[in-house]
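Contents: one structure, followed by commentary.
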Amino acid sequence: MAGSCLKGRFLSVFDYKTEKYIVAKNKKVGVLYRVIQLSIIGYIIGWVFVSKKGYQETDEAIQSSVITKLKGVSVTNTSESGLLVWGPEDYVIPPQGEAVLFVVTNFLETPNQKLGYCAESPKVLDGHCRVDRDCDKGKMVVAGNGIMSGRCLRKDESSNGTCEIYGWCPIERKFKPQGPLLTNAENFTIYIKNFIQFPKFKFSKSNVLETTDDSYLKKCRYDEELHPYCPIFRLGDITQRARYNFQDMSTFGGSIGIMISWNCDLDKGYSHCHPQYYFTRLDISVSNTTIATGFNFRHTRYFKNATGESYRSLFKVYGVRFNIMVHGKAGMFSIIPTAINVASGLALMGAGAFFCDMVLLYLMKKGNSYRERKFEDCRSKKSTSEDNSVEDKKAAMEQENLTF
Ligand SMILES: *[C@@H]1O[C@H](CO)[C@@H](O)[C@H](O)[C@H]1NC(C)=O
């Protein structure tokens, strides 16, 4: 034995070395090894390949384009504005049909504003005054509506007043919305056209059903099961799916996220790749304080009268903001990830064998005898097994340390 080891040092590189196996007739370790093998095979097949599709190459760099279009008409009748008809060109801001859009559900109009002099609102703290000196001529009112003219306007000598300003007069009256004015906004529909591409696989698709039936888009409504390719949603259904009532949101406004998720297994074919829609309300705060809830902003419309004088209508609009987000990934069979996953599975098997070795050699009662078989000593030719059996054991121990 020892001699062969020495000789081994001079083995030619052209010799093929094969491993030698020791069969341990130990039922416990044998069963343990099979259990480990089975669970590794189960993990590789069940989790890595079937569940995580480890045989696929994936592309998560989805490229997408979204176009939106709203339909629906509402009529409002208020004391300031009279009878107004609201079409999509009026209530969708901006009107281009972008992926982020705002739908007006409630508004306050301040009509016929003209440039001129009037009193600042008493709600603006910086506009308060007692005497003319408090209103610096030419200075802006902080968080106010215009430039101070230098006069303090008071009801009588003894009371406090507000500075006179130069700006768009009359200034906006403060109000708290009582209820939504565009009451049937929940029956408006939104058409979301979404084109996507996975550049790695040269795959492209749209969320609109490919049909020659022209009337399909006129009458269909989205439904998860029945019409997954119908891209038309009722606004009330969208908030319903996000678990909020449209009427509750429409008085003070809110923000809704529409997620379009493309999760495509391209091995299954073109028709199995279809979008999934998820809806959430985005403007919820945990603390539920009323000071920051809702969504509103102001915008203006300018006119000129017959004499060429400019005037404007100021709108403070409340509404629901829709934010359409697209994400997704696609997978397709590829030999490289398959090979990598198979190889890592085999390496795991090796780790299992190593673990069983440890159990066999160090935890079993007869571990010693297995160890003696497994680790052979390389000694010089002169030494015999009798005269230095102690050294023998020491060397064996050292070799073990080297091995593990
Ligand atoms: C929305 O449309 C339905 C059916 O056409 C109608 O019953 C309902 O009253 C409408 N809702 C509003 C707020 O106008």
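Just so you know, glycine gets a Cβ as well, placed from its N, Cα and C.
ATP is bound by Lys69, Leu70, Lys71, Asn296, Phe297, Arg298, Lys316 in TrEMBL, and the record lists one more residue there from Thr162, Thr189, which is Thr189. The recorded disulfide partner of Cys163, taken from TrEMBL and restricted to Cys135, Cys169, is Cys135.
Disulfide connectivity taken from TrEMBL links Cys129 to one of Cys118, Cys152, namely Cys152.
Within the same chain, residues at least 6 positions away in sequence whose Cβ sits under 8 Å from that of Cys169 (disulfide bond) are Gln113, Lys114, Leu115, Gly116, Tyr117, Cys118.
Checked against ligand 1, the recorded positions Leu70, Lys71, Cys129, Cys169, Cys264 give no residue with a Cβ less than 6 Å away from one of its atoms.
When the C-alpha distances from Leu70 (ATP binding site) to the disulfide-bonded residues Cys220, Cys264, Cys273 are tabulated, the minimum falls on Cys220.
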